[in-house]
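Contents: one structure, followed by commentary.
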């Protein structure tokens, strides 16, 4: 029996979880325009109140993946994404975007997925534009960037046309919904390795197990005690790491890596331009808090890529990427390739 909007909403009122097949059915209908905007809003709000399960998120991600415009790169086996959920209350600069260039400079192949700011001061698309990168590329042009420069950016709206029915509802609702979780799980290039920052500690284990169900290979899902959706330089970071088919949960602290503690305020920005200036400074060799948090997060990306044996090794390789100028060169390459497209 097809999961009609009325039946789906009744299931949520009854606090009943959906099976994998039921969630596939509902998502296909939402993405196909069968639900009205009011029904989509009711479904998303009800699902949030009930609480999303691994099965439900995985099924929804499968539908979004199937409907997305793919980026066909030459070898996707060791591709890394640093896309997070967004939604953290901090005003930090775009750490994951800076980390992507540093990881690429160390030899990791980066296929970064992202969009514009929703609740933050600057989304990855916003800061990349401020850095001079053309984000309006076709899937084929993004693939060329990854193949030739080792890094490419996939602007989410260009790859998820089926979101046209749900996107306006998300904006109007103004609260976090399941779609905040799906962005990092629907990489159009099929990256199976990623560092995913999340806005809530309760999501760390949930999303790591969801990515396991979706076939990811090496993933670190992170959230810090100070509220950051990054590996923090000021507090403990909660981690769920998927590797070799197993999820292990643990805590990281900057002291483990001989990192000094910093105040979060030291990396706050008000807009994409300020964020781009900090990133350019870090890539150009500037020392200080911004560099330290980038080292931690780029080190994680290098580690999950498979070219570092552990996080400590990844951090060391990240430092070399910055100090050698390799990370800055990756930004220059991506700018040139994207602008020439």
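Numbering starts at 1 and runs along the chain as displayed.
Cβ from N, Cα, C; glycine included.
Features reported for this protein in Swiss-Prot:
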- 84: anthranilate 1 binding site (BINDING)
- 84, 94-97, 112-120, 124: 5-phospho-alpha-D-ribose 1-diphosphate binding site (BINDING)
- 96, 230: Mg(2+) 1 binding site (BINDING)
- 170: anthranilate 2 binding site (BINDING)
- 229, 230: Mg(2+) 2 binding site (BINDING)
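When secondary structure is read from DSSP and collapsed to three states, residue 113 (5-phospho-alpha-D-ribose 1-diphosphate binding site) falls in the strand class. Checking each of the binding-site residues (95, 97, 113, 115, 170) against residue 230 (Mg(2+) 1 binding site), the C-alpha distance stays within 10 Å for 95. Cα of residue 113 (5-phospho-alpha-D-ribose 1-diphosphate binding site) to Cα of residue 170 (anthranilate 2 binding site): a span of 19 Å. Among the binding-site residues listed here, namely 84, 115, 229, 115 has its C-alpha nearest to that of the residue listed as 'anthranilate 2 binding site'. The secondary structure of residue 97 (5-phospho-alpha-D-ribose 1-diphosphate binding site), as reduced to three states from DSSP, is helical. Counted within 10 Å of its Cβ, the other Cβ atoms near residue 97 (5-phospho-alpha-D-ribose 1-diphosphate binding site) come to 27, all protein chains included.
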